[in-house]
Ligand code: A3D
């Protein structure tokens, strides 16, 4: 059977890391696409030359021609611009919306059967726009954010409790922005919910609140340290986890930006919710019940995303 084909639209920091991870994990042959002359070709050749040492079988190529993504099984979209210090994700909206239009049209023309994972910020609005521009089915277009935000939360928790990250399950809902909702009640250490761990004296409520806030600010913390761009190792790893779930029909339960049709009280937009990812794409949204406080935080986050979608419609009249 032929290897799956993975198209990476955007060959910058995340795109290059995605290509390297996809190769090392032998998920399929990789095509890097970018408008920057020589960048996708250069990264593809560099990664291919790591093959003999790493011992992977995966073809690598770089291109600026959409016809080369033809028949891709998975497209991961990072095209656009990233944050610099002092910028919010929302500041990227105008520029990246235009990019989503060209990417959406490129995917629709050449890879209409692909499972599409958007990473470009502001995430929840960009994945909505990308779906609108591409016209692909809603279950085949999603956004990566919840896996990353949950991984950040899990990392901070494992440090606080001094336990293996493998035993921490953390869970972040809502839009990928300052209003995201790290769920304390649904996050556990080996199945023990965080509120129980506070009662058991493993940590204090104050420390837990600080970890929740650090999770919300996780992207900005890295932007502040790097000064030239935003995080890319963990974002790429998170998207590869989602792509692998699709390609191997793993039925993974992963939080991601999915199109809601009434689930969690949301209709007609993308927002971070727990989903099941398998060969059918987003096969299911896990319609969990939130308590009053969680629902208020989630609604606030949904409203922030709605505002961004309205702003997109104001910029591009074809979206209204
Ligand atoms: P960067 O290294 O700048 O790469 C972006 C690439 O996109 C560059 O190589 C550009 O040449 C290319 N590009 C620009 N316009 C187009 C176009 N029209 N078609 C094809 N390629 C184009 O950024 P990055 O890889 O660090 O980040 C990419 C995006 O991901 C940014 O929008 C970030 O804000 C976002 N991001 C999201 C998360 C989430 O968790 C959602 C995390 C980190 C970064």
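Glycine is no exception: its Cβ is also placed from the backbone N, Cα and C atoms.
Per TrEMBL, these features apply:
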{"type": "ACT_SITE", "residues": "176", "note": "active site, proton acceptor"}
{"type": "BINDING", "residues": "10, 11, 12, 13, 14, 15, 34, 96, 119, 120, 121", "note": "NAD(+) binding site"}
{"type": "BINDING", "residues": "83, 89, 121, 152", "note": "substrate binding site"}
{"type": "DOMAIN", "residues": "5-143", "note": "domain 'Lactate/malate dehydrogenase N-terminal'"}
{"type": "DOMAIN", "residues": "148-310", "note": "domain 'Lactate/malate dehydrogenase C-terminal'"}
**OP:** Give the subset of the binding-site residues 10, 121, 152 lying near ligand 1, defined as CB under 6 A from any of its atoms.
**Re:** 10, 121
Subject >> Per-state residue totals over the domain 'Lactate/malate dehydrogenase N-terminal' (5-143) - DSSP helix, strand, coil >> reply: 67 helix, 25 strand, 47 coil
**OP:** Starting from the Cα of residue 83 (substrate binding site), work out which of the recorded positions (12, 14, 34, 176) are within 10 Å.
**Re:** none
Original post:
Cα-Cα separation of residue 89 (substrate binding site) and residue 12 (NAD(+) binding site), in Å?
Top reply: 17
Original post:
Do you know offhand how many angstrom separate residue 14 (NAD(+) binding site) and residue 152 (substrate binding site) by C-alpha?
Top reply: 17
Original post:
If you measure residue 34 (NAD(+) binding site) to the residue listed as 'active site, proton acceptor' at Cα, how many Å is it?
Top reply: 24
Original post:
Applying the rule Cβ within 8 Å of the centroid of the Cβ atoms of 83, 89, 121, 152, what extra residues of the same chain belong around the substrate site?
Top reply: 82, 122, 123, 176, 177, 219, 220, 223, 230, 231
